[in-house]
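*Asks:* Below you'll find the structure I mean.
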Amino acid sequence: METWGPNIAPPDYVIWETRLAQRLRPQDEPPQGCQPEDRRRRIIINVGGIKYSLPWTTLDEFPLTRLGQLKACTNFDDILNVCDDYDVTCNEFFFDRNPGAFGTILTFLRAGKLRLLREMCALSFQEELLYWGIAEDHLDGCCKRRYLQKIEEFAEMVEREEEDDVLDSEGRDSEGPVEGEGRLGRCMRRLRDMVERPHSGLPGKVFACLSVLFVTVTAVNLSVSTLPSLREEEEQGHCSQMCHNVFIVESVCVGWFSLEFLLRLIQAPSKFAFLRSPLTLIDLVAILPYYITLLVDGAAAGRRKPGAGNSYLDKVGLVLRVLRALRILYVMRLARHSLGLQTLGLTARRCTREFGLLLLFLCVAIALFAPLLYVIENEMADSPEFTSIPACYWWAVITMTTVGYGDMVPRSTPGQVVALSSILSGILLMAFPVTSIFHTFSRSYLELKQEQERVMFRRAQFLIKTKSQLSVSQDSDILFGSASSDTRDNN
């Protein structure tokens, strides 16, 4: 046994063990009647390293929550079923959760107000609500709308990921042992990559470029068909070489769009969901007018009789002009290949409230300035331009949107003051929701960009995994094939 005198220092490990024993020695108990009473009145909660203290009476109104269940615990095991750890000496309940989200929940327990902070993720907040046993119905109106919107967006993203997983599994299943099913599956997978995934390879890029090219040619051809010379020939019933060329170009473009529509329909896993999508409806509305025009032309030619009135032909011509005007919807097909147009559509869908608020502001201001200017101009300047209040509505719209055609100009000084007020009001009213719309557009663009990168990454992973599986299967075939040949040689 080692001994140390007053002039001999003990080793370092002895000093360390002594200090550790002193730290682990139970502290003196507080005076009786002090800490138990405080425990009965208050609860100490440690969430992620941050301590909170609140009276037990606060939890009486929320007995079904996780914190409310602590009051009903009678032993140590019941406490550990509710929280992650419990310190008996300090009467401290520990929860390994997000302290930022718990601050919002604690505010709800104290004041009855549950709000979703802008810097907080809605999905993480949903998990915290489920953990602490608080219903989503307690959220305030504005926060609940934003919360549900985020949850719906996440659900849509999960649905798209599941669809991608289904497509990938179909692609893996297409490599099955049956020769017919393997060929069909590979053809469908290649067709799907070509028409739906431009970044999947060279066929997809060529298909997307051809689609954009035909859309551009259709827009130019539609503009050329409205030239005065071609319109005169159409009204007279003649068709020159230029008119014939315009018809041929239109027929070729519509044939390409029809082929593209059929290919998308064939490769779609769910035909009903494909026909119900907005872009598919736009394709149908843009393609069908061409075929309807051919049918109407044929019917009109069959009913055209010498000496008959032109009323029917005029109606047919009106129908044809309206249907041909719908061809401009081909431009909307660019949304399939343009991330910017997709962002614009997503922003318009998310900012319906802001757009409605902007329209309300403009309507109120127009209803205020138009009658005021009508009274001033008719009483003081006797202006012939402002003949009625509806005519002043048109002036108010053009003025508040800062377009300023100049077709209607106030002449009197009070009228000019009203015009200046309407201009300033229009600038201010339109500036209010623009900031929110801009932030929504930026966020939507970032989300779509990240989703596109995620899809490309998943696609690359799938291709790498498929190639590795094929290489492994080929190596195994070679190995077992050589082994079987050696066995036959030995026999």
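Positions of Cβ are set from backbone N, Cα and C atoms, glycine also.
From TrEMBL, here are the annotated features:
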DOMAIN    41-150  domain 'BTB'
REGION    161-180  region 'Disordered'
COMPBIAS  169-180  compositional bias 'Basic and acidic residues'
TRANSMEM  278-296  transmembrane segment
TRANSMEM  355-376  transmembrane segment
TRANSMEM  388-405  transmembrane segment
TRANSMEM  417-438  transmembrane segment
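What does the local environment look like for each feature on the list?
*Replies:* Here the transmembrane segment (355-376) has Cβ contacts under 8 Å with residues 348, 386, 388-389, 391-393, 395-397, 399-401, 410, 412, 414-415, 418-419, 421-422, 425-426, 429-430, 432-433, 437 of the same chain, all six or more residues outside its ends.
Here the transmembrane segment (388-405) has long-range neighbours at 362, 365-366, 369-371, 373-374, 419, 422-423, 425-427, 429-430, meaning same-chain residues at least 6 beyond its ends whose C-beta is under 8 angstroms from one of its own.
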*Asks:* Let me spell it out: take the transmembrane segment (417-438), skip the flanking residues so only those 6+ beyond its ends count, and list any with a Cβ under 8 Å from a Cβ in it.
*Replies:* 347, 351, 354-355, 357-358, 361-362, 365, 369, 372-373, 376, 396, 399-402, 410
